[in-house]
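As listed in TrEMBL for this protein:
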- 1-44: region 'Disordered' (REGION)
- 25-38: compositional bias 'Low complexity' (COMPBIAS)
- 70-95: transmembrane segment (TRANSMEM)
- 86-349: domain 'G-protein coupled receptors family 1 profile' (DOMAIN)
- 107-132: transmembrane segment (TRANSMEM)
- 144-165: transmembrane segment (TRANSMEM)
- 186-211: transmembrane segment (TRANSMEM)
- 231-257: transmembrane segment (TRANSMEM)
- 296-322: transmembrane segment (TRANSMEM)
Amino acid sequence: MNSPLGPRVSLDPAQEPGCVATPVSPSRWDSSQSSTSSLDQPVPINPTPGAQATAWVPFPTVDVPDHAHYTLGTVVLLVGLTGMLGNLTVIYTFCRSRSLRTPANMFIINLAISDFLMSFTQAPVVFASSLYKRWLFGEAGCEFYAFCGALFGITSMITLTAIALDRYLVITRPLATIGVVSKRRAALVLLGVWLYALAWSLPPFFGWSAYVPEGLLTSCSWDYVSFTPSVRAYTMLLFCFVFFLPLLVIIYCYVFIFRAIRETGQALQTFGSCEGHSELPWQQQRLQSEWKTAKIVLLVILLFVLSWAPYSTVALMAFAGYAHVLTPYMNSVPAVIAKASAIHNPIIYAITHPKYRMAIAQHLPCLGVLLGVSVQRTGPYTSYHSTHRSTLSSQASDPSWISRQKRQESLGSESEVVLLPSLDSRI
């Protein structure tokens with residue numbers, strides 16, 4: 001069995017030959033070494049004392065079974081294929097369906113694009129390297145792989161933050177957002193999201209931290225193991241500005257979203273009880289739509305955060321000085337769980353998003369059959385207006401409805417303040 005590859009470290013001469021030293025730095029590339037000791041060459045499991053001074057020692061555990069590589073590669077491949085197909089379906093469906101092409105849904109499409117690119121750039125590379133039980137693509141390939149993982153992961157997190165802010169403004173400040181949100185402004189926000197993610201993904205190329213092999217050494221990430229001021233500063237700032245701060249913004253938004261929805265529901269109930277009857281069915285439907293949409297977005301965000309939580313915990317352990325307790329499995333498995341965040345959104349939309357389900361049934365009938373959704377022969381526009389006309393005609397013939405309308409006109413702006421614009425038309 002070949003041992004995994006890792007950084008070259010100098011061991012204390014007084015140290016016993018059988019002991020494994022804690023790495024001083026993670027798996028760095030050293031092109032100055034001879035071909036017999038390069039990263040592409042395995043190291044004997046029991047090196048001689050003379051060779052032990054230059055042995056690759058990435059983790060306390062030096063022996064990884066073959067089946068661990070094969071299992072990891074297979075899981076990553078399955079997750080990647082699911083993420084690519086699922087997010088391609090989301091992109092295609094949202095772009096083809098006119099009712100889904102809204103400014104707010106541009107954030108959903110951007111999230112699907114970043115998740116698709118995450119799966120596309122990560123899964124095939126890890127699968128191929130796992131088959132050979134070593135990294136196959138050299139130093140440049142490692143850096144590009146890790147850069148893509150950082151760029152698309154940060155983009156997804158910041159996009160979810162933008163979605164939460166959009167929901168917050170629409171629900172808590174509906175009048176302020178009228179005529180403000182447009183496709184052009186949404187595109188500018190998304191441009192800022194990508195530039196922000198790019199700004200945090202480029203520093204390792206310029207000497208602030210580095211992109212290095214990790215875990216079973218069939219994948220790469222940024223250097224979170226080295227206990228140096230530069231690496232620790234980058235890790236601390238990265239977590240603050242691309243994880244914890246966005247997470248706090250999301251929590252703040254949803255606290256006020258749920259409070260606004262609860263207060264609006266109470267106001268509707270109070271208004272209906274004052275009138276002595278329940279005459280606000282469409283307002284209640286709007287409120288239910290707001291609540292359902294908020295829950296869908298919250299579920300997406302929670303699953304994303306939970307997926308990245310194990311990986312973040314491992315990185316923070318190394319940041320706190322406990323890198324010596326990390327094994328290859330403790331680094332590789334959380335990385336796979338984090339990349340699996342790319343498959344959650346398509347599944348959630350397919351289960352909970354009614355318009356998305358109908359769009360799939362219309363544009364991808366084979367998937368519509370699998371989801372148990374059939375295409376309605378009568379278009380929603382026609383059915384809505386026919387229902388609306390029949391409702392108006394029946395209400396116009398009802399004297400009590402006419403009297404209620406007069407009373408509502410006397411209320412004026414009071415009834416308007418209670419209502420919220422429907423989110424169903426936005427998402």
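Backbone N, Cα and C atoms are what each Cβ position is placed from, and that goes for glycine too.
Show me how these features fit into the structure around them.
Remote same-chain partners of the transmembrane segment (70-95), defined as residues 6 or more beyond its termini with a Cβ less than 8 Å from a stretch Cβ, comprise 101, 105, 108-109, 112-113, 115-116, 118-120, 122-124, 126-131, 216, 218, 332-333, 336, 339-340, 342-343, 345-347, 349, 356, 359-360, 363-364, 367.
Here the transmembrane segment (144-165) has long-range neighbours at 104, 107-108, 110-111, 114-115, 117-118, 121-122, 125, 137, 189-190, 193-194, 196-198, 200-202, 204-205, 211-212, 219-222, 242-243, 246, 249-250, 253-254, 297, 300-301, 304, 308, 338-339, 341-342, meaning same-chain residues at least 6 beyond its ends whose C-beta is under 8 angstroms from one of its own.
Within its own chain, the transmembrane segment (186-211) has Cβ neighbours under 8 Å at 28, 103-104, 106-107, 110, 142-143, 145-147, 150-152, 154-155, 158-159, 162, 220-224, 230-231, 233-235, 238, 241-242, counting only residues six or more beyond its boundaries.
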Using a Cβ cut-off of under 8 Å, list the residues of the same chain at least 6 residues beyond the transmembrane segment (231-257) that approach it.
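For the transmembrane segment (231-257), the list is 154, 157-158, 160-161, 164-165, 167-168, 171-172, 197, 200, 203-204, 208-210, 222-225, 294, 298, 301, 305, 308, 312, 315-316, 318-319.
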Residues sitting near the transmembrane segment (107-132): Cβ under 8 Å, six or more positions beyond its termini, same chain?
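Residues 69-70, 72-74, 76-77, 79-84, 87-88, 90-91, 94-95, 141, 145, 148-149, 152-153, 155-156, 159-160, 162-163, 166, 186, 189-190, 193, 216, 218-219, 339, 341-343, 345-346, 427 contact the transmembrane segment (107-132) from elsewhere in the chain.
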